[in-house]
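What Swiss-Prot annotates here:
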- Met195: methionine sulfoxide (MOD_RES)
- Met241: methionine sulfoxide (MOD_RES)
- 69-265: region '10 X approximate tandem repeats' (REGION)
- 69-90: repeat '1' (REPEAT)
- 91-112: repeat '2' (REPEAT)
- 113-123: repeat '3' (REPEAT)
- 124-145: repeat '4' (REPEAT)
- 146-167: repeat '5' (REPEAT)
- 168-189: repeat '6' (REPEAT)
- 190-209: repeat '7' (REPEAT)
- 210-230: repeat '8' (REPEAT)
- 231-241: repeat '9' (REPEAT)
- 242-265: repeat '10' (REPEAT)
- 1-20: signal peptide (SIGNAL)
Amino acid sequence: METKAVVLTLAVLFLTGSQARHFWQQDEPQTSWSRVKDLVTVYLDALKDSSRDYVSQFEASALGKQLNLKILDNWDTLSSTFTKLQEQMRPIFQKLWEDLDKETSPLREVLNKDLEELKQKVQPYLDQFQKKWQEEVELFRQKMAPLGTELREGSRQKLQELQEKLGPLGEELRDSLRSHVDALRTQLAPYTEEMRQRLASRLEALKESNLAEYHTKASEHLSALRENAKPALEDFRQGLMPVLEGFQKSVLAALDEATKKLNSQ
């Protein structure tokens, strides 16, 4: 049953996105496109920073000095060209994502409704579990209070006695909490299975009715993406050409120099 619960959770999070997290926390949800855009921006910025470090280390090496590619001299040109590509591609990806987000909205609404019903059913058990957990911890603290006094006033011999007293208390707390966890798992099992069956039913209905339609629309979006991206990628290629030609000349010059040295030996 634990495995089923994990699979269920992952499936719900995958299909509903971060909306589930905002649902539980009652936060204002961030749009799907904003989440993707922020993630990609952070990733690309980190990639550019780390790439510059690698290039700097390479140029400082013996081979880098010998080749003298001067990549860092052209780094600003490369960065600006790459940034321009990002700016040109952003609206294309945004439209693609918004279209897909709109088309899958009905399914996500149904799943969020199922999740709302599940939350209402299991919330009393979660509240009860939290209450019992706090009671057990408070009881443990009360039992520990006199032992703390003994610890402050005790000798080495008393320390050993305290250790013997602490052992059963720790085991008692552990066993109590474990029993509460087991009870909670048992109480939630029917609802977990119910949600799993609902999810399977929703996916089966999607497969029978709209899967072919989604596949066709996804293919259309990808074809449109390729067509719309062609001008931006061509501009990117044109911007890279001077830099690549400079690299080529540097490599050829380094190879020519190495050949001359070998022939002169």
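Glycine too: its Cβ is placed from the backbone N, Cα and C atoms.
Fewer than three CB pairs closer than 8 A are found between the repeat '6' (168-189) and the repeat '9' (231-241), and contact between the two stretches is not assigned (pairs 6 or more residues apart). Secondary structure from DSSP puts Met195 (methionine sulfoxide) in a helix.
Over the repeat '2' (91-112), the average per-residue pLDDT in this prediction is 76. Counting residue by residue with DSSP, the repeat '2' (91-112) contains 21 helix, 0 strand, 1 coil. Cβ-based crowding with a 10 Å cutoff singles out Met195 as the top-ranked of the modified residues Met195, Met241. Look at Met241 (methionine sulfoxide): DSSP puts it in a helix. Between the CA atoms of Met241 (methionine sulfoxide) and Met195 (methionine sulfoxide) there is a gap of 55 Å.
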